Amino acid sequence: MFTVANIITGFNLLCGVSSIIFTFSGRLELAVLAIMAGALFDFFDGFVARLLKQPSELGKQLDSLADLVTFGVAPGLIVFVLLILSGAWDIISASGGGLNELWLDGTMGFSVQLWISVFMNDLVGNNSPFLPTHFYGWYKVMPFFALLIPFMSMFRLAKFNLDERQATGFIGLPTPANSLFFASFALMLWDGFGQENWKTVLSMTLIKDQLLLSLVVLFSILLVTEIPLFALKFTTFKWKGNEIRYSFLLTSLIIILFLWAWAIPIIVILYILLSLISNKVKRVTIS
């Protein structure tokens, strides 16, 4: 039971739980880093299991349970909080307020935590005329649509466990990729905080409820859609047979060097596009 691989899987779970704690403490950047750490543990548990010849049915089930927390519940709650901020920003903007009213005390962590309290308990942030006394109507319901992420991730992971076609690749978007895509929105918001440049404008645009909810629905569908996607699993390290993997890794590295946190959603979209192109090339070759 307590094999090295299963213990590594346990660390993946702890990263997911830590991410949830950080999210509701207002430390969204740490919540994202915890998910990234979980993704590393998720990669290495399978690698170690194969290396030490420890694969087991128990390990497979533990992996899915940990993944549901780290790549389903944790990113879903990050988006939940982002939608709370989106609602607050809409209400403040409609009243003629600005970003100073959103970031109440000039820090992101405390402000996020306070907006969560305002949303959950109908508290009043302070006496500013621009602050909502409570969230109402659509703004009270909207954040709960983020729970579609853990809901669909549950089906994705169960399907992966039973689908024997996914030994060397994926059918549908993997939950780690989906998780990193949405978590990166919080990281971009943190990176643009306190600046008056394109990062601030773009990060605030990306958390607009219309865009964020549309992406939640789209990517939730991609989780369970019958679309073959390549996996970063190497049987050999030769170029032949791994062209798409090496091309993806090299391109991703270049994008990260230039864009840092802003690279993550681009890389996930690139991953999907390269998989679709690869599928089309294979069909043409076969025909």
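Every residue, even glycine, has its Cβ placed from backbone N, Cα and C.
Record features (TrEMBL):
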TRANSMEM  7-24  transmembrane segment
TRANSMEM  30-52  transmembrane segment
TRANSMEM  64-89  transmembrane segment
TRANSMEM  137-158  transmembrane segment
TRANSMEM  170-190  transmembrane segment
TRANSMEM  210-234  transmembrane segment
TRANSMEM  246-274  transmembrane segment
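Three or more CB pairs closer than 8 A are found between the transmembrane segment (246-274) and the transmembrane segment (170-190), so contact between the two stretches is assigned (pairs 6 or more residues apart). Contact between the transmembrane segment (137-158) and the transmembrane segment (30-52) is absent: fewer than three CB pairs lie under 8 Å, with pairs separated by 6 or more positions in sequence. Most Cβ pairs under 8 Å to the transmembrane segment (64-89), among the stretches 30-52, 170-190, 210-234, belong to 170-190.
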